[in-house]
């Protein structure tokens, strides 16, 4: 009897690929949309016309965020934009597999046109030391003034330092010496909604109907099956992802929209803004010259006044 290779059968290929695809889907799809960097896949611009940053569509809870930038910068200069995403590092979040883990953070920085991520060879050594191994990305190839980062460990990076290069209006005619706004959005922890509208397991799950809970089946990694017998005798099975902590048990009566689980979310998303002035060196030099002339004029005025007082005193003595 002739032996045939396992891979010669198309059916065997399908059997082999199904678990690989499933593993890939669980590892990369479930968690990936929870951070600002993945807004790139769904939105051309991360900031809506209303001023709302699109990360808030998936991160429904709120949390504080702050940004620190210099008040003024000169053209073609590297400076720091510090984004602060504070939270209690002792708390744990529910991961996609239902286990508990630390929180990650992410941020999107919206700079004025012309400002961009500083090239590595332009970043001073002291700023490089602060940045460490962080990898920043432009939001898209044609939007280099929009930067994203994440997910990164929140326990290490509650402050994210972006190295920014200011434009030179003498070279880039689209830039001007003006005061500009800077916007930032930052999150800690996973989101509550995926871009397709489905809920993550980082949510409260409510009863789909009024009735009685007849069964709660723990399918381990696959989550839970909660069966409800409604008032008209029909049965509804609600699938709840892994990691849920139930507020109800078998035999309990529930009403429609009544919470079945606790709220596991410990993270949140926030927005902040700042201002920066792109200063013209020639204007500053002109201001210094003007101030020098004013001081010089004041000195001459004082000297002239003293000279006049001496003349007046001499005439009185005469």
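Note that Cβ sites are derived from N, Cα and C of the backbone, with glycine treated the same way.
Taken from Swiss-Prot, the feature signal peptide covers 1-34.
Counting every protein chain shown, the Cβ of residue 59 (heme binding site) has 28 other Cβ atoms within 10 Å. If you look up Swiss-Prot, you'll see 35, 55, 58, 59 marked as heme binding site, on the strength of sequence analysis.
The transmembrane segment feature in Swiss-Prot is assigned to 284-303; the stated evidence is sequence analysis.
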For residue 55 (heme binding site), the three-state class that DSSP assigns: helix
Site with most surrounding Cβ atoms, counting all protein chains shown within 10 Å, from the binding-site residues 55, 58: 55
